[in-house]
Each structure stands twice: as C-alpha cells, then as structure tokens.
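Heads up, the thing below is written out as structure tokens.
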C-alpha cells in the first residue's frame, strides 16, 4: 500500500535511480532524472506565484516532459488538467472557460491565443530543467486536494471537469496494485497508449509509478500511421497492455499482434467501453497464455470500480461478459427509478459509493447536484449505466440509460442490438443507431457493419450479405430489435480515446 504518490516516486529515485521510468522508442528517462527534473520544474512554478491550489492546464502528447510536468505540479500543490494535442480548438476553449486555469503549460505548440492567462512554453520547461533547482516539498497535493481534473464529454456537448483528489487516486491505485485480478508485477512494463486526457491512462501510469516500472510511450507521429504503429508495438518489450477493446480490435488487424511475436505480453487490462465476447475470444486465440482483465467504472469514480479476470468458460457461456467484482472500499449498488436498492439479479441503475467517488464537476454545481449524492452515509455517484449484481457479487452490465430508445412500442438498448449483431460469424464490428423523425421519435433502426476479411467477396450484392447476417443472428435476436437497414463500412470512427464514436454515427444518419 502506498500513502503518497510522490513519496513512492521519490523512493524509487533513491533505490533505483538509473532504472527507466519512461521509454519512447529507446529514448529513456530514469527515476533519478524524473526527480531532478520535476524538482526543478516545481521550483520554477513556485516562482510564478500562482494562486495556491489553482489548476494548471497542460497541453501535449505522451511525452516525458508531460509526465515530469504533472509530477512537478503535484509537488507544487496544483492540480493538472491534461489536454491532448489532438483536441479541437473549440474544446480547448470550452475547457479554459470552465476551468479558469491560473496557467497554461504548452509542451506542444498551443493552437490558441488566450488573453489574461500566462502561457509557459516547452523551451521554458527545458530551461527550468537545466537549472537543476533543488526543491523542498512543503505544500504538495495531499488528502482531498485535487490531483488531476479530466474533462469528459457532456451530453449537451459542454465538457465537464471531473475533480479527482489525492485520496481518490490512492483508493484506485492501492486496489489495483493489491487486487488478485490485476496481478500487477513489480516493476511493470506498461504500454502507455491512451492519451493523458483520457482517465484510462491512469490505469497504466499510476500502478507503474507506484511499483517502480517503465512506461513505453509512442510518438504522436507514429500513432497516426496505422501500419507502422502496430509493427512498432510488436517490437516493444511490454508486459501489460492497457487500452479500450476497440484499440485491441485494431491491433488484431495486424498479424504481428500475437503471442509468438510478443512473448513478453502477458496481461491485458480493458476499460473505457464494453469488452465483447468476440474480442475476448479473438484475443485468447492470439495470446493463449495471457490474462485478460475486464474493468469497469466511470471517470467520476476514479477510473474503475470493478474488475474480473475473463476466462474461456465466460467467453463460451456469456453473451455479455461480466464487468467485475466491486472494489472492497467502494460498495456498489443497483437502484430503481425511485432510488430504492434492488436485490441480486434485478436490473437497475448502477451507483457507486466510497472514497474513490469524485467531489464533483469543477465550477459546475448544477451538474454536480444531478449526478453526485449521498447513499448510506457515503459519497455516491449515479453512473447512468444499467446493471445487476449476482448473488456472488459479480457486476453485470446492461447498457447505458441514455442509449435506450423506444421503438415500435418496445424499449430497446442500442448496445444490446450491437452485441447481438457482433455474434454473427461474418461481422467484425457492428453498431446500431436510431434515425429520428421531426418529432424526435425513432423512425427506424440502422446498423453500421464492418465485415470480416473475405466475407464481402462471397456475395454478389449487399442485399444478399444483409440477408445472410440477419439469418445468422435471428435465433438469438428478437425480430423487433433487427435493424431495417445495414450500412457497410471498412472501419468505424473512433473517438480520440479509442472508443467507437456512436454519437458521430447517430449524427450522420440524422444529417446533423
């Protein structure tokens, strides 16, 4: 168990100063360097005389200087707001307007001119590092102080800043490094793929820094080159893979992504979206000896609230994989529309309680009051997810409350339709989306389909292919759930966080 994230890093700077904490295609930085650099940057930040505990926006990619700046800000008592280099200018502006940061640190060239807020460039960070200033930690982030603030996409399009405290982070990190499901080894060798602006990144950097491991990052230029990306990943000595399931699906398009080519890769950690039976089955075929851990949880409950190791028996017997045993310190409940706790096996909304629950959305009391509350004397959060608990306290996922539609008199869960279509042996990936009429009632249901290699060539017309796919799933799919139109694509759009971008597809079919 760790009691302070920075204390842990400082300890490794003493005991394994020359061990790499960061590796980008062979460009390495050690724990000793991280301490020296973060001390110097923290001293520089203190010299700016910012308002105590005010948040600082940090703009960039998955570079070492981003990591060193995060550590420096924690030392100097400031929460950091990570904003990815690929973020749209409109989103960056919205984050600034909501967060009102006292400073912007631009590790990459900043795309906006902001009046009234000082901007520190990479050259100034480099100069601060060269100064090698000593630093005494007298006002570091601790307890209920905000450690980081991650902005999620709000349903209205307005981002919401989730405040995660040092205590929240410790609750998550200690569970992850001690829980048998994750089985995190000492000095873990972690692939650092999800951007820092996505809280799934915490699942790789927190246990790595807590256990003295190495983060294997990828330059932003490489991430944009699909073929080269997965050729390079196959050459990295990573032992643990952390990503969304969608990113693993992309990786499996490369023949190099297999146990024979990547023998060091023994653990897969998934979170951020649903892990399908199809993806898990394919992974077991590619990596027969690997452990697949399925985690679940919203950003508002600090990355994940449950986890479970997926077995081959689960893949054979479940249509939707279980999402885990809840964290011991985070009692998780299923409630009905009236807020009443439901019994085992009954489906309702998943709510999470305990020390990992955020204090709320930054500068947004209205949205905070809607989502955060007290349940059984503990801080609690409405996940907006449908689920149930088995008698063995295993959490089962039933979809999103806001992805439920009413169609032809039936209440339909879009993710359930997608799951059923993904069961077809011809389908590589499928997403169901509604088309609305002028009264915003569902007019019909459509499906975006990516078929497996070689499938299209077996059919003369798409109509015949559609009939074949429908026939392959009709025995386990209710007729009213079957989409009326299938749209075939070579790939489906992904969000910057690597999830299938369902909202973009919904907007596309509705000409928004």
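The backbone N, Cα and C atoms fix where each Cβ goes, glycine too.
The ATP binding site feature in Swiss-Prot is assigned to 152, 153, 294, 295, 296, 297, 298, 299, 385, 397, 398, 399, 400, 499; the stated evidence is sequence analysis. The D-alanine binding site annotation in Swiss-Prot covers 199, 303, 499.
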Binding-site residues (199, 385), the one with most neighbouring Cβ atoms at 10 Å: 199
Listed in sequence order, residues with CB under 8 A of residue 303 (D-alanine binding site) and six or more positions away: 172, 199, 200, 202, 203, 206, 271, 295, 297
Beyond the site residues 199, 303, 499: chain residues whose C-beta lies within 8 Å of the centroid, for D-alanine: 194, 198, 200, 201, 202, 203, 271, 272, 299, 497
Largest tally of Cβ atoms lying within 10 Å of a Cβ, found at which of the binding-site residues 152, 294: 294
Largest separation between Cα atoms (Å) of residues that the record links to D-alanine, namely 199, 303, 499: 15
List of residues, in chain order, with Cβ under 8 A from that of residue 499 (D-alanine binding site) and at least 6 apart: 244, 246, 272, 273
Residue 400 (ATP binding site): tally of other CB atoms within 10 A of its CB: 16
Sparsest Cβ surroundings (other CB atoms within 10 Å) among the binding-site residues 296, 398: 398
